[in-house]
Amino acid sequence: MISGRDFSAFWDAPHRPLFLSAFLCALLTVAWWPLGVRLGLPAPAFPTVVLWHVHELIFGFAAAAIGGYLLTALPGWTARPPLRGTGLKALTLAWVLARIAIAGFEALPFAVPLLLNAAFFLGLSVFLCRQIAAAKAYRKLGLAAAVPALGAGEAVFLTGTAAGDIWGCLALARIILTGLILLMFSAGARAVPAFTRNWLAQQGYSGPPVQGWTRLCFLPQGLLALVVVLTLAGFSGAAHAALIASAVTMLWTMKGWRTCAALRNPLLAAQHMAFLWLPLGALAIGAAGLGFAGYPMAAAVHAITIGAMPGLIMAIAGRAACHAPDGTMRAGSGFKAGVVLVWLTAWVRLAVPLFPAHAETLITAAALLWCAGWLAFVAGFLPALSGPARRPVLSGRSVGKP
């Protein structure tokens, strides 16, 4: 599968090392815990394995995917060359060394993992901001601001971990997760209808037009920002009520996306179904926080961490491997298998509190489905890693263009 491929241009496009790093982090984090540890592997040298698991899925997996997405989109925003070569190698190396340092956290001086992780976020932030400022594309600073915010959150998380404040770290992770919901909504509510509109036009669709970003989209953004403020201020009940309100408004924004028509295309089906997890997850977390239905908060967050977050990463990043010779985009078998398996993982993991007598079996089944899904997805992504980089990376031929 790999032999015969030309990887000489691997470092010419940021999506190649960073998306691959994100995918492998998702796979290896769950393969190590819970699966590997249950089979006798030593646990990561982190104060608690749950904190390590949470840390790596947010600050390892999600951070690499966010970096890959922003650096891939950046040339389109700025009309400047992408990060490549030595700079890209240095950024990727910082991320890899940070993963190693986190796995050996207790065996290292605290400054080592702190500085290595900060190096990735700082390097990425500086490059993004310099490019955006040079091109005067200041409207994009809002998306780029997610990187230093995530880096600052991680520094606080690691400091709390070193101090033994486990519950404080988990509470912080939930706040950061709300920020990630805001980021995913902001990016997805633009990308999903745009991809849908283009494909439907290619199919000669003559129904009602796809409704893209409107002023209504600012409402869920504002509500999610309010959730963060209320949580930090200690108004938990109001924060969860605002989160439920944000879920309703997110669902409303999808009303004009022509989802039923888009489901005929596997690439678009993956995007729409993954985006749907955002309001469903926000609703589940908000309801759990208010004590509705007795469903535990710790389980509800998996609607985002297993449903929305990996689903959107797969659905958007995976497009880089779906270019067809005629300029269109077609989902390969690895893409389809990976998306379906991870989608099933979310439902199996969410079922755990409903069947407590079978909790361990369901958790193991979910972990196996997750790992199988990412293995299939990585295998399907290999064509995007070799040969000349196709540009635009995440889009095919637009209507009206050759």
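The backbone N, Cα and C atoms fix where each Cβ goes, glycine too.
TrEMBL has this to say about the protein:
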type     : residues : note
TRANSMEM : 57-74    : transmembrane segment
TRANSMEM : 86-105   : transmembrane segment
TRANSMEM : 111-129  : transmembrane segment
TRANSMEM : 141-159  : transmembrane segment
TRANSMEM : 171-192  : transmembrane segment
TRANSMEM : 275-295  : transmembrane segment
TRANSMEM : 301-322  : transmembrane segment
TRANSMEM : 334-355  : transmembrane segment
TRANSMEM : 361-385  : transmembrane segment
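Counting C-beta pairs under 8 angstroms (sequence separation of 6 or more), the transmembrane segment (171-192) fails to reach the transmembrane segment (111-129), with fewer than 3 such pairs. When each of 57-74, 301-322, 334-355, 361-385 is checked for Cβ pairs under 8 Å to the transmembrane segment (141-159), 57-74 comes out on top. A contact between the transmembrane segment (301-322) and the transmembrane segment (57-74) is present, since 3 or more of their C-beta pairs, 6 or more residues apart, lie under 8 Å.
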